[in-house]
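Going by TrEMBL, these are the annotated features:
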ACT_SITE  CYS391  active site, nucleophile
BINDING   GLN264, PHE295, GLU316, ASP364  S-adenosyl-L-methionine binding site
Amino acid sequence: MMLYWSVRKVKKLKTITPHLDYVEAPCEYALDCGGCKSQNLLYEAQIRAKEQQVRELVVHVGKFSDKHPEFASIMKPIVPCDTQFYYRNKMEFSFGSKKWVPEELLQEEHVGTNDYALGLHAPGFFDKVLNVTKCLLQSEPANKVLAAVQDCWRDPQIGLSPYDVHSHAGFLKHLMLRTGRDVETGLPELMVNFVTSSNKPELLKPLVERIATIPEVVSVVNNVNTSVGNTSVGEEEYTLYGKSTITESLRGLTFQISANSFFQTNTHQAEILYKLVEDCANLKGDGSEVVLDLFCGTGTIGLTLARRVRHVYGFEVVVEAISDARRNAKLNGISNATFFQGDLNKIDESFGNKFPQPDIVIIDPNRPGMHMKLVKFLLKLKAARIVYVSCNPATCARDLDYLCHGVVSISISIKVFRLLISVICPYYNLYAA
């Protein structure tokens, strides 16, 4: 069998009849930006669409029958968020040497340094950036910082240049903004992270001095990434102003967060999520249970359970996140939590020797889901309960199939699975990183 794929660019000419759930997108960039895809769809309709998407993946990829009498009671409805904007505590913007401009505005644009951009990638382009001066997803203090940087970074006297992904020349790669809260005052505090291609703090000094005047800014760091890749994690990190972490409060605990540590991006909804995790863990309440917290990040989930169990053992690949997790345990007076740094994609037979038999396993992987080595380990472990927290319903459904239905002829089935997905569902890569 031979498969041929054709890519065509399509453009909307006009709307004949608007969709019943159509709403006017509040963001001026919504039609052109790669960040939000559904702002012109009623929020309730977005929830219905996402719920249907998860349901179909669980049935077709996870191989769970929706005809089963218990299916309806197991598939719970989505928990909507009270706030639809300004909820993200982390946003990453890219510097670009090629500004992407909608076709209808091309005649109004001029070449030169105006071609530089700071914003979000245009849909389908890794090398073109839509210039953004305000984002409705992040906090107002973060938008203040974005506006301040936009106001001065192109100034020729400062001598800054954006990184070019083709020539690999240029200095500025990303601007990452993280919002937390002062746990005593409840006021927002902001971390600004400049990701650059080399360590030249003198070039960043004018920007640092400018944004340090914004009261909410308590931390400015510089991640230096010398690789030709355009990732936002640096090989080295330097604190240029204030402290190296920001704080946040979740479920009565205080967490310190560094630039590269994972933390749930919707703080308000994380409170609800962690309560659901605790409910699903079905703790006895007698402090006798052992919890294995995989992909633990800064330790948020495990630490929120620690006071009701005997011990928590957390594993995470990011060194900075493990440092944060240990610091957060100490900060909250929690002594029954142990955190290990290690790659869960590379575990061996000795992995299970690092902790006693767990009663509950918490899994919170990134978008690719679990490696087969970990799946096989969990199948042998036979823990009484596994709680899987997912940011990607496609890989979650795949992993649930393996965990609940077992693994047969792994080497063959994965190839067949990938082939079927590429034929039946060519947009699969939207869900799988």
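Positions of Cβ are set from backbone N, Cα and C atoms, glycine also.
Sequence features, as recorded in TrEMBL, placed on the structure.
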residue: GLN264; record: S-adenosyl-L-methionine binding site; CB count, 10 Å: 22
residue: PHE295; record: S-adenosyl-L-methionine binding site; CB count, 10 Å: 21
residue: GLU316; record: S-adenosyl-L-methionine binding site; CB count, 10 Å: 26
residue: ASP364; record: S-adenosyl-L-methionine binding site; CB count, 10 Å: 22
residue: CYS391; record: active site, nucleophile; CB count, 10 Å: 16
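Rounded to a whole value, the Cα-Cα separation of GLU316 (S-adenosyl-L-methionine binding site) and CYS391 (active site, nucleophile) is 16 Å.
Reported as a whole number, the C-alpha separation between CYS391 (active site, nucleophile) and ASP364 (S-adenosyl-L-methionine binding site) equals 8 Å.
The residues near the S-adenosyl-L-methionine site, meaning same-chain residues not in GLN264, PHE295, GLU316, ASP364 whose C-beta sits within 8 angstroms of the mean position of the site's C-beta atoms, are PHE262, ASP293, LEU294, CYS296, GLY297, THR300, ILE301, PRO365, ASN366, VAL389, in sequence order. Summarising the S-adenosyl-L-methionine site geometry, the residues cited as binding it (GLN264, PHE295, GLU316, ASP364) extend over a maximum Cα to Cα distance of 15 Å.
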